[in-house]
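Pulled from TrEMBL, these are the features on record:
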BINDING   Glu83, Gly84, Thr85, Arg113, Gln127, Glu131, Arg259, Tyr263, Tyr264  L-histidine binding site
DOMAIN    1-316  domain 'Aminoacyl-transfer RNA synthetases class-II family profile'
Amino acid sequence: MVDKIQAIRGMNDVLPDKTFIWRYVEETFVNCLKQYGYKEIRFPVVESTQLFKRTIGEVTDIVEKEMYTFTDLNGDSLTLRPEGTAGCVRACLEHGLLYNQQQKLWYIGPMFRHEKPQKGRYRQFMQFGVEAFGMSGITIELELIAISLRLWKLLGIDQSVSLQINTLGELSERQAYKEILVRYFRENINSLDEDSKRRLDKNPLRILDSKNPDMQGLIRNAPKLIDALGKDSRAHFEKLCHGLESLGISYIVNPVLVRGLDYYGHTVFEWVTDKLGSQATICAGGRYDALVEHLGGPPTPAVGFALGEERLLLLMETLTIQPKDTKGLSIYIISEGDEGLRQALTIAESIRDKNPHYEVITNTTGGSFKSQFKKADKSGARLAFILGPDEVNQKKMSIKDLRMDSEQIMVNQADINQYLKNNYDSVGSE
């Protein structure tokens, strides 16, 4: 017996009974971004490994442990993208989109990280990303937070998520803070776990990101970054807070919400939920004004956010939010004999021409009328169109509403589209 090949652990199939929910979430995201004037960008799934080492940082779990990296036939080191921002910036620079220009962009696509699979965290996952380039100040930051909140409202999860914000200030302020932080952790070196000890000299801010329960007390009592900020950085953060209040957006200041990379600065934010256990973050964003220059481009203010589709869907499932399949009227055509099938195919094409939002399924495998009716019912179709010998000879069509207790009627084939317009133009499949 031949061994069955199965999906790679942590990389999941999405089957037909679930894909419409994914499509619903994706279309909601896209339509929301269109309202704000953002444009789609697409870039490769595979990039040079050096791109991610330079942008994510070599002393991070992603680069050290989680990237899918391989050497191709030319000897080049390539990596399946673990996140979208780096590739988006690379594409914008390569095609000259950031020189004296502002860009508001979005993307959807699969990302890859070799981490321990668990509910809400997978090795291949779909990520939505939003990036805005060329705009400094808090207005664009407020817009991005407002976009994310609008998306939560559209998906019906806004009452189950909360916004956490913090400021990282300027690079010089963070460097001074790092020295204070390192002194604090060195004084408590025996309380650090192995990961934190490893990060202490190279990336001490990442210690504040630790999810180790044994580290939380030490992290809570650590010196706060905001206490190391100057007047201008404090003013920027205060403007953000006032702007959120003006928009009626509730927030919590989380002093240990950080990013460990030097090109991040000022505003960082996350949307979190208490409905998913340890997978609490559903969206993360922030300002990264130094990233474009870090990749060889001109100084360019930039801010963005990303969210994972699987975790969004998991939250919706937990909250029993079940979107309806919004397809238009669904029709299943039953026929008998070669001529019946020929007429069925012709009629199906005519209906699709006139009604592009309808779903028209033609049974192409024959079988008795009884078995075809079972297939029609199982398909979820609203109407069954029947082409038996009488209908075929008279160029007519019998119509049965499968979801209502009504009589079967007969209509001239030439009048089918008019009949549908008169009786079902605004009706869905249910």
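Here the Cβ of each residue, glycine as well, is placed from N, Cα and C on the backbone.
Locations of recorded TrEMBL features on the structure.
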residue	record	contacts (Cβ under 8 Å, 6+ apart)
Glu83	L-histidine binding site	Phe52, Ile56, Ile62, Met111, Gln127, Ala306
Thr85	L-histidine binding site	Thr55, Gly129, Glu131, Tyr288, Leu291, Gly304, Ala306
Arg259	L-histidine binding site	Leu168, Leu205, Val268, Gly286, Tyr288
Tyr264	L-histidine binding site	Leu168, Gly286, Arg287, Tyr288, Ala290, Leu291
For Gln127 (L-histidine binding site), the number of other Cβ atoms found within 10 Å of its own Cβ: 19
Conformational class of Gln127 (L-histidine binding site) under the three-state DSSP mapping: strand
Predicted model, mean pLDDT over the domain 'Aminoacyl-transfer RNA synthetases class-II family profile' (1-316): 92
Where Thr85 (L-histidine binding site) sits in the secondary structure, as DSSP reduces it to three classes: helix
